[in-house]
Each structure stands twice: as structure tokens, then as C-alpha cells.
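Enquirer: Reproduced below are the annotations present in TrEMBL:
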DOMAIN    7-145  domain 'Lactate/malate dehydrogenase N-terminal'
BINDING   Gly12, Ala13, Ala14, Gly15, Gln16, Ile17, Gly18, Asn106, Gln113, Val130, Gly131, Asn132  NAD(+) binding site
BINDING   Arg93, Arg99, Asn132, Arg163  substrate binding site
DOMAIN    157-323  domain 'Lactate/malate dehydrogenase C-terminal'
ACT_SITE  His188  active site, proton acceptor
Amino acid sequence: MTRTPVNVTVTGAAGQIGYALLFRIASGQLLGADVPVKLRLLEITPALKAAEGTAMELDDCAFPLLQGIDITDDPNVAFSGANVGLLVGARPRTAGMERGDLLAANGGIFGPQGKAINDNAADDIKILVVGNPANTNALIARASAPDVPASRFTAMTRLDHNRALSQLAKKTGAPLTEIRRLTIWGNHSATQYPDIFHAEVAGKNAAEVVNDEKWLAEDFIPTVAKRGAAIIAARGASSAASAANAAIDHVFTWVNGTPDGDWTSAGIVSDGSYGVPEGLISSFPVTAKDGKFEIVQGLDINDFSRSRIDASVQELADERDAVRELGLI
Ligand code: NAD
Ligand code: LMR
């Protein structure tokens, strides 16, 4: 194999998403079947042993594309020369914890990781934040990395996008391959807005095909927006395989592009499009080309959509204000 390996750093590597993610990266699903990778696993010190166990299993798969695994508890080492960073490890909310406490605890993780990315990563670094609250954690990391272009910091809403695709396919009976141009707007939280007004089912407008505003408002939107909580209630743990799958989809699309005529959803830094304040990391309809995401422009936003986008964006602005007050950005 002659290609230079791509350095992929995964934080929280010993967690449940990490376990579902690493084998797929090593088998070539993140970047392509002909792209060799080196893995850097970042964990907190008590979890290093578990990460070593996963690394032993990765070895035992004999993946031809996997050209090395480093395990560390030092973000500077983990991000040294990193081309892709999947920021999965985060501080979960525990009983009695206020929102401010959660944001502060995550600031203690994503601030130093942002700085380590700034100081050590490769020039072409691409960051996907998965750990919650993903959009605001991405904002914190980005603020600590002033030398890295803001466009390299993204937050994951691809899982919400995939959830919305599945729900719409079920409702319409159309195969998933016939559904295009869905959008998740706003925050990766229960305020997110899955938008079918520009989506197409077999070439026809999805909202017209569905023609059921009650289903849209009372079934589709809450099902997608609260799916994470429903999975936690059912499994006793948050989504892991589907989250890892979405992370793979997000980075694969970012690197390899969106299909002609379609778009996807990703949390990216706002340039002010669609009234989303500049600098917020919000989910938008995006295309990807030549390793860059771009916001799809020119969509008409009806009143139904406007109020829902505004509510989710307001939540993002509130989170930004809270971390600003805490001195994290
Ligand atoms: P988990 O608790 O199983 O694993 C998290 C891992 O992160 C642990 O191994 C922990 O030791 C590690 N970790 C904690 N602090 C760290 C630090 N400073 N540096 C490196 N590693 C650190 O959790 P999980 O199920 O893998 O989920 C991870 C995160 O992803 C959670 O925040 C979860 O809410 C979020 N999530 C996001 C989405 C999304 O769509 N954006 C979907 C599912 C889950
Ligand atoms: C999900 O959407 O499945 C997760 O973000 C839920 C969570 O709180 O971890």
C-alpha cells in the first residue's frame, strides 16, 4: 500500500460509541476502502486499560488498512498530526446536575481538546463533535482553536437526519433510496426541527405526498426529536451503534461529497444564513464538495418551519450565552 495513512483521533474511545465506531474506521468505512488509517485513542486515565482491550481486538481483526494504534490520556499526543478528530468522550448529565454544571464540566474537556487541536493537529484537520451537548461542545472547542479555520469544527446531527429519513420512508412506503433533501435545523436536542417541506419522495414534494399536518406536528417531529430519549428509556443506555453509524456517514460525506441533487444535515458554523446568528454551530441543509461543507441557499422557509427553526436556534444562543458567562468561549 503506497498511500500515506490518515491519522484519525477518537476521544472517549473506550465508551460504547467508541466500541461501535473503531472497527468501522479500521475497516475503511470512514474514509474509503483504499485509505489506510492510523488510530489515536484518547481516554481518561482510568479507562486506558479498557481502550487497550479494544486495541487488542482491533489487532485481532487483521484489518489490512489499519497501520497503527496509539493509546493515550494526553490530548496533545492524541491530536499530534491528526487529520480527522472524532470527539465522542463527554461528561454525561448525572442526577442533580444543573445545566450550567454540565456545560462547565464539558468546557473542562472541550476547551483543552480544542487547544490541543490548535497546537498539534495537521493543517487539514476535520473535527466532528459527537459528545453532548454536541453543538455547544463544538463551539467551545472551536473557540480554543483560533488558528484552525472555523469551518473545520462540526457537530453531529446526521443521526437525527437518518432517523428522519427512516420515519418518512415508513410513513410513505417509499424506499430510503427514493428520499432526498431532508433537513435537520438547529440543535441536536429535543428542539431540533426535522423539515420535510423541501424533501422529495420519488421526485415529488414530501410534504405534499404526506399531506398530513397533524402527523407532521404530532408524530414525525416529536418522534425524531425525542428519539434519543426513547432509546435511553428502552435500552437503559444512549444510542451507540446508530450514533457510530451517523459519525461514519458524516465524515464520509464531508470527505467524499454529497450525491448530485441531494444534501444532508450537519452542525456547522453559521455565516448568518437563514437568520441563524453568525458563529453559532447550528444544523443546516448542507452539500459537501472537495472536503468542504456548504449551506444550501435560497430555500423558502414557511411560517410553520420558521417558528420551529427560531426556537431551536434560540436554545443554541442561550447555550452560547451560558458558556460565555462561564468564560468558556
Ligand atoms: P460512554 O459513557 O459509553 O463513553 C464515553 C467515554 O468518554 C468514556 O469511556 C469516558 O471515559 C470517556 N471520556 C470522558 N471524558 C473524557 C476526556 N476528557 N477525554 C477522553 N475521553 C473521555 O458514552 P457513549 O455512549 O459512548 O456516548 C458518548 C457521548 O456521545 C455522550 O455525550 C452522548 O450523549 C453522545 N451522543 C451523541 C449523539 C449525537 O447524535 N450527537 C448520539 C448519541 C450519543
Ligand atoms: C441521541 O440522540 O441518541 C443522544 O444524543 C441521546 C443522549 O442524550 O445521549
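Backbone N, Cα and C define each Cβ position, glycine as well.
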Enquirer: For NAD(+), with binders Gly12, Ala13, Ala14, Gly15, Gln16, Ile17, Gly18, Asn106, Gln113, Val130, Gly131, Asn132, what's the maximum Cα separation in whole Å?
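Expert: Those residues reach a largest Cα separation of 20 Å.
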Enquirer: To which of the binding-site residues Arg93, Arg99, Arg163 does the lowest count of other Cβ atoms within 10 Å belong?
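Expert: Lowest Cβ count within 10 Å among the binding-site residues (Arg93, Arg99, Arg163) is Arg99.
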Enquirer: Sequence order is fine: just name those binding-site residues in Arg93, Asn132, Arg163 with a Cα within 10 angstroms of Gly18 (NAD(+) binding site).
Expert: none
Enquirer: Relative to ligand 1, which of the binding-site residues Gly12, Arg93, Arg99, Gln113, Gly131, Arg163 have a Cβ found under 6 Å from one of its atoms?
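Expert: From Gly12, Arg93, Arg99, Gln113, Gly131, Arg163, counting a Cβ under 6 Å from ligand 1 as near, the near ones are Gly12, Gly131.
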Enquirer: If one looks at the chain holding His188 (active site, proton acceptor), which residues at least 6 apart in sequence have a CB under 8 angstroms from its CB?
Expert: Asn132, Pro133, Ala134, Asn135, Ala155, Met156, Thr157, Leu159, Asp160, Gly267, Ser283
Enquirer: Return the count of C-beta atoms lying within 10 angstroms of the C-beta of Gln16 (NAD(+) binding site), excluding that atom itself.
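Expert: Total other Cβ atoms inside 10 Å, all chains included: 17.
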Enquirer: Sort the residues of the domain 'Lactate/malate dehydrogenase N-terminal' (7-145) into helix, strand and coil with DSSP and give the three counts.
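Expert: Residue counts for the domain 'Lactate/malate dehydrogenase N-terminal' (7-145) by secondary structure: 63 helix, 26 strand, 50 coil.
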Enquirer: Taking Arg93, Arg99, Asn132, Arg163 as the record's substrate-binding set, what's the max Cα pairwise distance in Å, rounded to a whole number?
Expert: 26
